[in-house]
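As written in TrEMBL, here are the features:
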type: DOMAIN; residues: 6-419; note: domain 'Enolpyruvate transferase'
type: BINDING; residues: 20, 21, 25, 166, 168, 314, 341; note: 3-phosphoshikimate binding site
type: BINDING; residues: 20, 93, 121, 168, 345, 387; note: phosphoenolpyruvate binding site
type: ACT_SITE; residues: 314; note: active site, proton acceptor
Ligand SMILES: O=C(O)C1=C[C@@H](OP(=O)(O)O)[C@@H](O)[C@H](O)C1
Ligand SMILES: C=C(OP(=O)(O)O)C(=O)O
């Protein structure tokens, strides 16, 4: 359980735990590479630990040198061993969807399962195109849901027009494409996060990107490398939002990932009138890294839609919290993907924020939030969704009474140490 209440203006400079998307990929790419991959700044969150456990079951030796340093003894695609027991991805959509791409092209049999939330999340979006590549996948409701089983084998390259902007779909198909005959091309309606495209070249893979299209040639091998993981901008978003909830505050987050396919939340905060300063200081594995400083006196409501949505998809719950404090109405559109995350985030965000007096309407593809509301204290629940738990805790920073967040253990999925960190603000 986390308890938060109204804060006085504060100033803070801090770092946040490692990027979840990059941490997953560092283990996966390290495992299918030849040789050793050293990972620094790894996120020791529950989701990334699920990825480590699954690859351990595939015979990959993965050493935890410290909480955040990991050494992966890559075995190449060909060295992955048939697992004896089902692979349990826990709560992690990224783990299951990317692993399906890898496992489809390797001649072993495996079964994938996860928690209650994973059992509700749609898998057809990857199973269908993987089957077109020749993958043999079966599962509940003809492969729409877990449990899923994969009998890996020879794959054919595919040109795929993805109906959704999803980095998990894109990455899954690119990883399958690495093992397929010929070229695999993935086109998306808007570009989703491109960590796979940034990181694979660091492992010696060649690919071509043109706007929202990526092309990869099959039969390429990966070579182990060193990966430094920047702080997660999706985690930083909660602390930046905390500063916006308490006018007169200022927060700097250092060594955070600034990949433009992830910084939509900074654009949204700027549109709302926040002062956001960004300084890129380095590139790690082709990923821009640097510092973000935010401050604000007054916020205004905005319309968030289109290409911006995939660039801030995981930040919409906290954006809705901030929008309750803006002048005027905030409209979020084109965000139907929120319905198939750890929870239906349109429903859970609205339901929990209403408990604190927010005026918020759910729509088919987003929500409408009336600004300028005085939030009250109340008892909220994470619904087992880390981002909902964190969003509600930050809502307490502007509430007239105490906000209690039940189910806060879910936050460990992406942000271990969240409660301690925000208690210091
Ligand atoms: O590829 C990734 O690392 C992720 C992609 C996104 O999901 P979708 O691909 O389903 O949009 C995002 O919501 C998730 O937190 C991480
Ligand atoms: C949607 C998320 O993750 P995943 O899809 O990996 O479960 C998230 O972290 O908000």
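Glycine too: its Cβ is placed from the backbone N, Cα and C atoms.
TrEMBL annotations: computationally assigned, not manually curated.
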Greatest inter-residue Cα distance in Å for the 3-phosphoshikimate-binding set 20, 21, 25, 166, 168, 314, 341: 19
Of 21, 314, 341, binding-site residues neighbouring ligand 2, Cβ under 6 A: 314, 341
Residue pair residue 93 (phosphoenolpyruvate binding site), residue 168 (3-phosphoshikimate binding site) - Cα distance, angstrom, rounded: 8
Candidate nearest residue 20 (3-phosphoshikimate binding site) in space, where candidates are the binding-site residues 121, 345, 387 and distance is Cα-Cα: 387
Residue 20 (3-phosphoshikimate binding site), number of other Cβ atoms within 10 Å: 24
Entries of 25, 121, 168, 345 (binding-site residues) sitting next to ligand 1, with Cβ under 6 Å as the cut-off: 168
Mean of the pLDDT scores, which run from 0 to 100, over the domain 'Enolpyruvate transferase' (6-419): 98
Alpha-carbon spacing, residue 345 (phosphoenolpyruvate binding site) to residue 314 (3-phosphoshikimate binding site), which is rounded to whole Å: 9
Residue among the binding-site residues 21, 166, 168 whose Cβ has the most other Cβ atoms within 10 Å: 21
Alpha-carbon distance [residue 341 (3-phosphoshikimate binding site); residue 121 (phosphoenolpyruvate binding site)] in Å: 7
Which same-chain residues, if any, lie at least 6 apart from residue 314 (3-phosphoshikimate binding site) yet have Cβ under 8 Å of it: 234, 341, 387
Least surrounded among the binding-site residues, given as 25, 121, when other CB atoms within 10 Å are counted: 121
Which of 341, 345, 387, all binding-site residues, has a Cβ with the fewest other Cβ atoms inside 10 Å: 341
